[in-house]
Structures are given as structure tokens and as C-alpha cells.
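A.B. asks: This is the structure I want to talk about, given as C-alpha cells.
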Amino acid sequence: LAQPVTPELLVSPSSQDGDLGSECPEDRGNWTGRLDFLLSCIGYCVGLGNVWRFPYRAYTNGGGAFLVPYFIMLAICGIPIFFMELSLGQFSSLGPLAVWKISPLFKGVGMGTILIVSLVAIYYNMIIAYVLFYLFASLTSDLPWQHCGNWWNTDLCLDHHVIKAGNTTFPVNITNTVSPSEEYWSRYVLHIQGSSGIGDPGRIRWNLCLCLLLSWTIVYLCILKGVKSSGKVVYFTATFPYLILVMLLIRGVTLEGAWKGIRFYLTPQFDHLLSSKVWIEAALQIFYSLGVGFGGLLTFASYNTFHQNIYRDTFIVTLGNAITSILAGFAIFSVLGYMSQELGVPVNQVAKAGPGLAFVVYPQAMTMLPLSPFWSFLFFFMLLTLGLDSQFAFMETIVTAVTDEFPYYLRPKKASFSAVICISLFLMGLILTTEGGMYWLVLLDDYSAGFGLMVVVITTCLVVTRVYGMKRFCRDIHMMLGFKPGPYFRACWMVLSPATMMALLVYNIVKYQPSEYGSYRFPAWAEVLGILMGVLSCLMIPMGMVVAVLGEEGTLWEVGVRQASRPAMDWGPSLEENRTGMYVASLAGSQSPKPLMVHMRKYGGITSYENTAIEVDREIEEEEEE
């Protein structure tokens with residue numbers, strides 16, 4: 001039989017000189033190493049919340065029994081949404097704004113995402129600034145929060161070293177006392193006594209301001225060249241925390257009384273599983289820990305090659321994140337058990353969550369150990385590396401989203417644009433460096449990524465499965481990975497994940513509680529401001545709809561809404577050679593009716609991905625005939 005000849009018409013003009021280009025759009029940039037993407041995702045997901053939120057949530061919600069709802073919610077909510085977000089990014093090679101070519105009517109979802117991420121980036125970097133402050137303070141032979149008697153201490157300050165060295169026949173009442181570490185945090189680092197509340201920020205704390213500036217400088221230098229630079233930094237920032245965590249874990253479990261903390265952390269209380277609160281808490285932990293809805297996963301996946309195995313990566317990252325959280329719990333609670341024994345108080349009196357754990361309780365525990373400055377430095381260096389790669393993701397999301405919208409103007413000037421974003425967010429964050437800055441940080445933390453983020457994720461899930469179509473989305477994944485998602489993913493995307501997140505949203509609204517910091521209650525105007533932050537990200541969705549419909553010609557419903565909800569003409573894989581079936585020749589300026597032939601010439605024959613493309617084409621043809 002004669003060998004079939006490929007007609008020249010079937011080869012794109014750009015490939016006739018023999019140079020078929022790379023598999024990624026070069027002008028946009030892409031990952032330069034095999035592990036860049038995987039480590040970036042791990043670094044993004046494994047953040048401060050794994051250390052300071054998960055262990056506390058576990059012990060307050062049934063100890064070891066909490067792991068049951070935690071892993072069930074990971075399977076229902078975490079893994080499916082994680083995979084959906086990666087699939088959208090990799091298939092389109094677009095950021096969180098431009099990806100809404102999938103259904104331009106809902107571009108407001110992308111705008112809401114960028115607003116949420118910007119607000120989170122402002123206060124998240126302030127937390128990194130606090131970590132830097134403590135990191136520098138640990139570079140001493142005697143930790144400054146070890147003893148009372150400093151200018152910032154009050155008469156209520158009680159040093160545990162004094163209790164231990166004193167005459168034990170006289171019991172000391174510690175109920176109305178304050179630890180040196182707590183006064184160091186509130187009265188020296190924050191200088192919160194200089195502010196009467198959120199409406200009275202007071203003066204800027206210049207040492208905190210410089211730490212914030214340093215923090216933004218580090219972030220900028222690491223994202224200077226986009227994923228090409230941040231993709232290399234994560235080789236250190238995503239792996240080094242594990243080394244420190246293991247060191248802290250080994251040191252913790254060898255301490256006297258460590259078993260008390262671990263028993264407190266893991267003793268299963270199965271009666272808690274009958275409470276809806278425990279299941280909601282598990283879903284919330286999964287939701288925020290994996291970082292779904294923030295656009296970071298979508299952004300990272302958009303820099304992948306078209307056939308990267310994100311299915312495998314999804315399970316590596318999500319399960320790795322869960323195991324890290326559990327390990328962190330052992331490291332934290334073993335030290336808290338030792339601390340409770342030293343102070344002679346129950347573990348639940350020393351256990352805290354959030355900044356209280358990182359900047360008060362754990363630093364106090366460090367002062368009880370030999371070589372305390374060394375262990376303190378290690379702990380805060382771990383927090384620094386955990387925080388930085390999450391911040392890289394937030395910044396990469398913002399920069400990628402905007403540059404993908406205006407590629408001709410901003411891509412050549414990406415470094416300058418990144419600098420403008422960093423400087424702007426630094427200036428907005430200056431209020432957090434004031435004496436009353438902690439009140440603003442709590443407000444941002446409580447409202448910036450609350451119900452607004454859930455609305456964004458629910459809308460994304462519903463648009464992809466119902467507006468774009470489950471069958472078409474599964475076909476896209478088939479074209480990209482060589483197989484279709486199974487019944488588990490389809491069931492979660494269609495019903496289980498949106499229903500669970502709806503329940504979360506309703507629970508958050510019904511169980512709404514005003515913000516507070518210690519004994520301070522926020523005034524009504526601050527609550528309204530916080531609620532507006534959340535509502536504004538939701539309002540972006542209808543605003544985007546109005547803009548999309550007005551941009552279409554014809555009557556409002558017949559043409560406007562229906563046309564705007566359909567994928568844009570150039571929606572699909574970014575490279576011509578990956579566009580098959582319905583995506584053939586839909587790129588602007590495309591002259592190739594069969595990009596598949598480009599693939600065949602490039603790889604020297606039909607590969608498994610080409611076979612998949614042929615199958616997808618045949619499927620579409622059969623459907624059209626029916």
C-alpha cells in the first residue's frame with residue numbers, strides 16, 4: 001500500500017519552516033522544571049493555617065474523631081473542586097479573569113476572585129511581617145519575652161521561671177496574671193495600649209512598618225520573573241518547612257509531659273460526630289486549607305503544558321496537605337503538653353488558635369526549652385517559609401489575571417507591573433502597622449474571604465457543570481489527559497460539592513457572630529464595613545453580567561444573555577496544535593483546518609494524545625448526526 005501523503009493545506013503555515021515551537025505559549029512564560037508546578041501547589045496549600053488552625057480545630061471538635069468528617073469533606077469538597085480548578089487553568093492557559101471566556105456572562109466571578117485575593121494579600125503579608133519581627137528578635141542569647149521586668153510589662157506579669165524556682169509550698173494563683181510572652185506581643189510588638197479601638201489607629205509602629213516593607217521586597221524579588229523565578233524559590237520554601245517540622249516534632253515528643261498534649265489532641269470523642277457544627281468545621285478547614293476559589297491553583301495550572309498529569313498531582317497535593325496538618329498537630333500539642341506540665345495547668349488552658357498560638361503560646365513554650373533562641377528561630381523561620389509561598393500564589397494570581405486581560409500592553413512590562421501592585425498593596429497595608437492595626441487585621445481576616453469566597457466557588461461549580469455543560473467539560477479533560485473523569489468526580493461536581501458549599505454558606509449566615517479581639521467588641525460601623533467587603537465581591541457577579549449583556553447586540557434575552565453565556569469564539573487550548581474537534585480553526589488568524597497534523601509532524605506519528613483527539617472528534621460527529 002502506498003504511504004498516505006499529508007496535503008500541505010493541512011499543515012499550518014507557521015510550521016512549514018520546520019520549527020513547530022514549544023508546547024507552551026512562550027510570551028506568557030511557563031514552568032521551567034518538572035517539579036515547579038507540584039511544589040508551588042504544595043507550598044500554596046500548606047500554609048500558616050496548617051500549623052495554627054487545624055490542630056486547634058481538631059481538639060475542639062472531637063479530637064481523633066474529627067479526622068472522620070475531615071477526610072469525608074476532603075473527598076466531597078476538596079479533591080473535586082481542586083481538580084476542577086486545575087483543569088480549567090491548564091486547558092485554557094489563562095488566568096482567573098480571562099478564563100471566563102468559557103462563559104463571558106460570568107466574568108464577574110473572576111473580578112470577585114481578584115478583589116478577595118487582593119484583600120487577603122494585604123493582611124497575609126502583615127502576618128509575615130510579624131513573623132520577621134519575631135525572627136529577628138530570636139537572634140539573641142536571651143529571648144526578650146522570657147522574663148518580666150521590661151518597660152512594657154505590667155504588675156500582672158508572672159514569669160513561669162519564678163514559679164518554678166520559688167517555694168512550691170505556697171500555691172500561686174495564675175488566673176489573673178499574664179505571661180511575659182503575651183505582654184511582649186500585645187504591649188511591645190503591637191503596642192495596642194496606644195489605641196482605644198478600630199476607630200483610633202494611633203501612630204505607625206516603624207519597626208513593624210520596616211518589617212512589612214522587607215516582607216513585600218522579598219515577595220517582589222521572588223515573583224520578579226513570574227513563575228520562572230517563583231518556581232525556583234519554592235524548591236526551598238515548600239520543602240524546608242518539612243525539615244523544621246520534623247525537628248520540632250522529634251524535640252516535642254521527647255519532652256516530659258508531651259503525651260498529655262498528644263492525648264488531648266487525638267483522644268476521639270465520637271459523640272461530637274452527631275453535631276452539625278463538627279462537619280461544618282471540617283468542611284471549612286478543607287475549604288480554606290486547600291485554597292480553592294482564590295485563583296492560585298488555576299493560575300499555577302495555566303502555566304503547565306497541555307498534557308500535564310494534573311489528575312495525579314491533585315491527589316498528591318490534597319493528601320499531602322492533610323497529612324501535613326496532622327503532623328503539625330503532633331508538633332504543636334506535644335510542646336503544649338510539656339508546657340501545661342511545667343505550669344501545672346490543664347492543656348486546654350494553654351491551647352489557642354491563630355496568632356495567639358504563633359505569637360504568644362508557642363514562643364512562651366520555647367522559653368522553657370534549653371537553647372530556646374535556636375528553637376524559636378527555627379519555629380519562626382518555618383512560619384516564614386510557609387507564609388511566603390502562599391503569598392507568592394496570591395501575587396501571581398493578581399498579576400497573571402490582569403496581564404492576561406491586557407497582554408499586548410502589560411506582558412512586556414510584567415516586572416514593572418508587579419512592582420506597582422506590590423507598592424500599592426504595601427501602602428494599603430500601612431494601617432495594619434499602626435497601634436490599632438491588629439483590629440483592622442482581624443476585620444480583614446474575618447470578612448475578606450468569608451461568604452464572598454463561597455459564593456464565588458459555588459458559582460464557578462454551577463457555571464462549569466450547568467451553563468458550559470458537564471459533558472463538554474469532561475470531553476475537554478479527555479482531550480487534555482487522555483481519559484474522562486469517573487462517576488465520583490461527576491457526582492461531586494453536579495450535586496455533592498455545590499450542595500455542601502451551599503450548606504456552608506447558609507451556616508455561616510445563620511451562625512453569624514460579630515468580630516471581636518480578646519475582650520474588645522467591634523463597633524457597628526466596623527461590622528457594616530466588613531460585611532460590605534464580602535458583599536462587594538458577590539456584587540461583582542451581577543455587575544459583570546450587565547457589562548457582558550450590554551456588550552452583545554440584539555434584544556436583552558434572546559441574543560444578549562444567551563450569546564454572552566456561550567463560550568467565546570477563541571475559547572479552548574491556547575496552542576493551535578492542541579485544538580481539535582470543535583476548537584479547530586477558532587483561533588484568531590488561524591489558517592490550519594487540522595492542527596492535529598502539526599502534532600503528527602512534531603512527534604513523528606500518531607501518539608496516544610492524537611488517538612484521544614481522534615476519539616473526541618468522532619464522538620462529536622456522532623452527536624451531531626443524532
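Any Cβ shown, glycine's included, is placed from N, Cα and C.
Nobody curates TrEMBL annotations by hand; they come from automatic prediction.
What TrEMBL records for this protein is below:
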TRANSMEM  37-55  transmembrane segment
BINDING   Gly43, Val46, Asn50, Ser289, Asn321, Leu386, Asp389, Ser390  Na(+) binding site
TRANSMEM  67-88  transmembrane segment
TRANSMEM  109-136  transmembrane segment
DISULFID  Cys148-Cys157  disulfide bond
TRANSMEM  233-250  transmembrane segment
TRANSMEM  282-303  transmembrane segment
TRANSMEM  315-339  transmembrane segment
TRANSMEM  374-394  transmembrane segment
TRANSMEM  415-441  transmembrane segment
TRANSMEM  447-468  transmembrane segment
TRANSMEM  488-510  transmembrane segment
TRANSMEM  530-550  transmembrane segment
A.B. asks: Calculate the distance in Å between the alpha carbons (Cα) of Ser390 (Na(+) binding site) and Cys148 (disulfide bond), and round it to a whole number.
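C.D. replies: If we compare the Cα positions of Ser390 (Na(+) binding site) and Cys148 (disulfide bond), the gap is 36 Å.
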A.B. asks: Determine which residues of the same chain, besides Gly43, Val46, Asn50, Ser289, Asn321, Leu386, Asp389, Ser390, have their CB within 8 A of the center of the CB atoms at the recorded Na(+) site, and list them by sequence.
C.D. replies: Ile42, Tyr44, Cys45, Gly47, Leu48, Gly49, Ala238, Pro241, Thr324
A.B. asks: Given pairs 6 or more apart, does the transmembrane segment (374-394) have at least three Cβ pairs under 8 Å with the transmembrane segment (233-250)?
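C.D. replies: Contact between the transmembrane segment (233-250) and the transmembrane segment (374-394): present, because at least 3 Cβ pairs are under 8 Å.
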A.B. asks: Same chain only, please: residues at least 6 beyond the ends of the transmembrane segment (488-510) with a C-beta under 8 Å from a C-beta of the stretch. Say none if there are none.
C.D. replies: 73, 76-77, 79-81, 83-84, 276, 280, 283-284, 287, 450-451, 454-455, 457-458, 461-462, 464-465, 470, 473-474
A.B. asks: Looking only at Cβ atoms, how many others are within 10 Å of the one on Ser289 (Na(+) binding site)?
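C.D. replies: Step by step: centre on the Cβ of Ser289 (Na(+) binding site), count other Cβ atoms within 10 Å, giving 24.
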A.B. asks: Please give the sequence-distant neighbours of the transmembrane segment (233-250): residues at least 6 beyond its ends with Cβ less than 8 Å from one of its Cβ atoms.
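C.D. replies: For the transmembrane segment (233-250), the nonlocal Cβ contacts are 35-36, 39-40, 42-43, 46, 222, 324, 327-328, 330-331, 334-335, 375, 378-379, 381-382, 385-386, 388-389, 392.
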A.B. asks: Could you name the stretch, out of 67-88, 109-136, 315-339, 447-468, 530-550, with the greatest number of CB pairs under 8 A to the transmembrane segment (282-303)?
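C.D. replies: The stretch with the most close Cβ contacts to the transmembrane segment (282-303) is 67-88.
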A.B. asks: Of the listed stretches (37-55, 67-88, 109-136, 447-468, 530-550), which one yields the highest count of Cβ-Cβ distances below 8 Å with the transmembrane segment (315-339)?
C.D. replies: 37-55
A.B. asks: Measure from the CA atom of Cys157 (disulfide bond) to the CA atom of Asp389 (Na(+) binding site) and give the result in Å, rounded to a whole number.
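C.D. replies: Rounded to the nearest whole number, the Cα-Cα distance is 37 Å.
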